[in-house]
Amino acid sequence: MNNSGLNFVEYTQASEELFGKFLTKIFTLLFSINFLFLEGAVISGLANELTFSTVKFLSPYVLIFLTTLLIYYNSVDGLKIIARLSELVFYLTIFIFLIPIYFINKGDVTNILPLVNNYSSLITAVPTTFFAYSGVELSIVIIPLITNKMGAKGAGIAACIFTTVLYTFITFVTILYMGWRLTSQLQYPFLYLVATTEIAVISNFEPLFIFIWGNKIFQTAACMHFGATYFFSEATKIPYKKSCFISSLIVALVALLMVPEYKRSSLTDKVMPYLVLYIFIWLIAAYILSLYKKVKRNEK
């Protein structure tokens with residue numbers, strides 16, 4: 001699939017032009033591993049969270065099985081159901097953005113002071129935030145496959161800005177309300193913050209938030225599963241639907257290895273730096289090679 005006017009080229013075609021078939025197969029397999037791990041981390045995080053808060057009577061292993069089964073159903077036909085799910089969940093995400101606003105006037109400004117105490121610590125902490133933004137590399141697969149590409153670039157930029165602002169805003173308000181010491185010691189600081197909310201119309205706000213947040217996590221995992229399946233299918237040449245089933249089994253196994261939460265945190269802390277480094281190197285190499293080939297074509 002190629003659209004030269006908009007420069008949206010299908011991933012495998014673009015990668016083979018830049019790196020050749022052999023390296024493309026290796027890179028594709030690594031991308032599949034990347035998304036399989038991320039999806040497993042997201043699913044296990046959801047299961048750990050739910051058993052910690054609203055469904056304590058269920059085993060996290062049961063939740064992982066049910067979630068993986070639902071994700072398989074949503075992903076087996078490609079982007080069709082995922083696109084509809086993403087559109088629906090987007091409006092719910094806007095509601096999540098409104099929640100921190102409730103706490104702005106209730107916080108203490110001294111909790112965020114000083115804003116910058118040690119620049120070296122600030123720089124050191126930057127890589128640990130990459131996990132929150134991981135998964136955006138899925139755009140190199142999804143964009144060439146969508147029907148209407150006219151607004152893809154603007155929508156992608158807007159989505160990145162919205163996600164960054166939302167994540168930063170929630171983190172800021174949480175620290176403003178509870179302070180960085182308590183925030184750093186809690187497993188789920190924002191959930192703790194929401195649990196303290198008392199709204200006159202709603203007797204218990206926490207289950208409502210978990211429902212909205214859980215749908216967003218489910219949609220994220222479904223998108224990652226599409227990416228994992230796509231790359232797995234491209235690397236192994238196994239048909240997409242069969243690859244979707246195989247990758248579901250792998251993801252379920254990965255998620256099971258991340259229960260309880262402390263195992264998940266420990267494993268992601270060890271693995272994520274390598275995944276982020278790989279993606280960063282691939283993007284830089286692809287960018288440099290594409291510029292080089294473009295210059296060569298212009299010289300001819």
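Including glycine, each Cβ sits where the backbone N, Cα and C put it.
Per TrEMBL, the feature transmembrane segment maps to 26-46 (among others).
The transmembrane segment annotation in TrEMBL covers 58-76 (among others).
Residues or ranges marked as transmembrane segment in TrEMBL: 88-105 (among others). Panel annotation: around the transmembrane segment (88-105), residues 166, 169-170, 172-174, 176-177, 193-194, 197, 209, 212-213, 215-216, 218-219 of the same chain, lying at least six beyond its termini, place a Cβ under 8 Å from a Cβ of the stretch.
Annotated transmembrane segment per TrEMBL: 125-145 (among others), in sequence order.
If you look up TrEMBL, you'll see 157-178 (among others) marked as transmembrane segment.
Positions annotated as transmembrane segment by TrEMBL: 190-214 (among others).
Sequence annotations record features per position, and here TrEMBL assigns transmembrane segment to 243-259 (among others). For the transmembrane segment (243-259), the residues of the chain that approach it from at least six positions outside its boundaries are 32, 36-37, 39-41, 43-45, 47-48, 60-61, 64-65, 68-69, 71-72, 75-76, 225, 228-229, 232-233, 236, 267-268, judged by C-beta separation under 8 angstroms.
Residues annotated as transmembrane segment in TrEMBL: 271-292 (among others).
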Proximity of the transmembrane segment (271-292) to the transmembrane segment (58-76), 3+ C-beta pairs under 8 angstroms: no
Outside the transmembrane segment (157-178), at least 6 residues beyond either end, the same-chain residues with a Cβ under 8 Å of its Cβ set are 93, 96-97, 100, 103-104, 106-109, 111-112, 132-133, 136, 186, 189-190, 192-193
